[in-house]
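Here is the structure we will look at.
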Amino acid sequence: MTATPIDIVAWFVYLLAAVMFVMGLHFMNSPKTARKGNQISATGMVFAVIMAFVHLFVKGFISTTAVIVLVVGILIGAVAGVASAKKVKMTDMPQLVSVFNTVGGGAAALVALNDILTNEQLPTLVVLITAGLGIMIGSVTFTGSLIAAGKLQGVKFVKNLKLSGKSFWNVLFILLTVAAFVMLCVQPEQRLLWSVLTTVFALCYGLVFVIPIGGADMPVVISVLNACTGTAVAMSGLAIDNVALIVAGALVGAAGVTLSILMAQAMNRPLLSVLAGGFGGDNAAGGDDGVTGTMKETSADDVAVQLVYAQKVIFVPGFGLAMAQAQRELADLGELLKSRGVEVAYAIHPVAGRMPGHMNVLLAEANVPYEELVDLDDINPQFPTATISLVVGANDVTNPAARRPGTPVSGMPILDVDKSQNVVVIKRGRGKGYAGIENELYFNDNTQMLFGDAKKELQAIIASVKELIA
Amino acid sequence: MPDLVVSITLFVLALLIGIEVIGKVPATLHTPLMSGANSIHGIVIVGVVIVAAEAHTPLAYVFIFLAAVLGTMNVVGGYVVTDRMLEMFKSSKPSKKDQKEGDK
C-alpha cells in the first residue's frame, strides 16, 4: 500500500481526533470542566467525519449511488439522534444509552460484514479475524442492548421473557458463534455462509445473555455492553486499517470495563456472577431469618415536624425516586429545609438507580448543586450526626444485613443509614428489595415507615413543612 | 504484517490511556461519562464513509445505508444528550459568589 499525501493528512487528522477524545474524557474528571470536555470530544468527531468525506471525494469513489445512500443515511440518523436526545426524560437515560449502544454495535458489525462480503478478492486472514471479531462482538451488543433497553423501559413483552436452562443456551450459542467464526477464517471461499452464520449465532447469544439478568443489575450490563461496542468498533478499525476507529474503540472499551468493575465492586459481587444472571427477583429464597419486630408507620405531617426541627438531614435516594419521578420534590424539600437552617446532604450509593451515577443526573436536573451529593465513603461517617435520614425508594443498599455473612447482600458496601438518630423510609409497599430479602432497617426502633408513592408523600411533606414554617 | 503490529500496538496503548483517564472520573459523572464514551464509539461512522468509497453492489448499499443511519444516530444523539446532562450539573459555589458580589 502506497501512502499518498492525502492519506498522510488523513492519518494526522484522525490522530488529532483521537487526542481530542482523550482530552474530552480527561476533562470529565470534574463537573466544572466536563461540559467543555464533551464539546472538545464532539469537535474531534466533527473533524474526523469531515476528513473522511474529504478523503472520499479526493481519492474518488466507485459509485455515486453509494455516496447518495451514505448521505441520506447520515441525515436520517442525525435527525433521529437529535430527536431522541432532546426528548428523553432524565429518568429514561439508561434506556437511551442502551439504544445508542444497540445502534453503535449494529453499525460496527455492518462495517465489518461489508468488509468481508463485498470485496471481490479473498480477504486476508488478518481481515477475516478482525472483521470476524467485529461481527461477533457487534452483533452480541446489538441484541443484548436491545433487550437491556426493553427491560429498562419496562416493555411488558421483554420483561416477561423467560429463559429456562440459560446455561445450556449460553454455552450452545457461544460454541456455535465461535465455530462459525473459526470456519470463516478457515474457509474464506465460503465467507457468505460463515459470516452470516456468525452474525445469526452472535445475535442469538446476545438475547440469551441478557434475558436472564434482572433489572437492578442493568447498570453493570449496560456498562459491559458499552465496552463490547467499543471493542467491536476497534476490531472493525483493525479490519479496515483506520487509526481513528482503533483508538476511539479502545478508549470506549476501557471506559466500559473500568465502570463495570467499579459497579461490580459496589455490589460486592464478582463481575462474572452478575453477568451469569438469575440473581434476586422472584426466587425469594426464605430470607426471613433474624428479622423480628414490627414496622412503625408514620404520617407525612409527623415527618414534616421532625424535619423542620432537625439539625441535619441526609436524603437517601434510590431507584424508587426515579420510578416516581420525584427528584424535583426531593430537591424542593431540601431547599425548604436549607432555608430553615437545616443542614442537608444527599447520600449517593454507587449502584443506586439504573445506571452508574444515575441519581446524580436526576438530582442535577432538579438543580441540586453537585457539592451536596456525597458518595458512600464520605457520607457514612456523617450518619451518626444526622438527626434524621430520609430514605426515598432505596432498599438493599441500606440493609444492615449486609454486614453479616450468610445473606444475599452480605459484604455489599451499604449506606449506614441505621446509624443515624432517626430514620424515615418512604416506600411504595411492603415488598422486598431486588435481593429478595427483608430489609432489617425497617424493623429498627428508630425507623418509621411512610408507605405511599414517593412523589405524593414528598408533596404532602412539603405542604406541611410550609405550614409549619409560615 | 507490520501494519497490523502497529495497529495492535495503538489499540493496546489506547486501552491503557483509557483506563488511566477513566479511573479519575468521579462517581458523580459516571452517567455522562458513559453516554460520552457512547458517543465516541459513533466514530464508526468514519468507517462507514471509508467503506462507501468501495461500494458498488446493492448488498453494499444496504449495509452502508443501515450503518450510516445507526452510526449517525449514535454519534449525534450521544453528544447532544451528554451535553444536555452536563449542562444541568451546577455548583452551589458560583451562586454564593454571585450573592456575595451582590451584597457588596
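Glycine is treated like the rest: Cβ placed from N, Cα and C.
Pulled from TrEMBL:
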type: DOMAIN; residues: A:12-463; note: domain 'NADP transhydrogenase beta-like'
type: TRANSMEM; residues: A:6-28; note: transmembrane segment
type: TRANSMEM; residues: A:40-58; note: transmembrane segment
type: TRANSMEM; residues: A:64-84; note: transmembrane segment
type: TRANSMEM; residues: A:125-147; note: transmembrane segment
type: TRANSMEM; residues: A:168-186; note: transmembrane segment
type: TRANSMEM; residues: A:192-213; note: transmembrane segment
type: TRANSMEM; residues: A:220-240; note: transmembrane segment
type: TRANSMEM; residues: A:246-264; note: transmembrane segment
*So what's near the transmembrane segment (A:6-28) in sequence-distant terms, Cβ-Cβ under 8 Å and 6+ beyond its ends?*
34, 36-45, 47-48, 51-52, 54-55, 58-59, 242-244, 247-248, 251, 255
_Ranked first among A:40-58, A:192-213, A:220-240, A:246-264 for CB pairs under 8 angstroms with the transmembrane segment (A:168-186)_ = A:192-213
*Counting only pairs 6 or more apart in sequence, are there at least 3 Cβ pairs under 8 Å between the transmembrane segment (A:125-147) and the transmembrane segment (A:220-240)?*
yes
*Counting only residues 6+ away from its ends, which parts of the chain sit with a Cβ under 8 Å from the transmembrane segment (A:220-240)?*
94, 97-98, 101, 104-105, 108-109, 111-112, 115, 126-127, 130-131, 133-134, 137-138, 140-141, 144-145, 148, 210, 213, 246-257, 259-260, 263-264, 267, 271, 274-275, 355-356
*By a Cβ-Cβ criterion of under 8 Å, what residues six or more beyond either terminus of the transmembrane segment (A:40-58) are in contact with it?*
6-7, 9-10, 13-14, 16-21, 23-25, 27, 67, 244
*Give, as a single whole number between 0 and 100, the mean pLDDT over the domain 'NADP transhydrogenase beta-like' (A:12-463).*
88
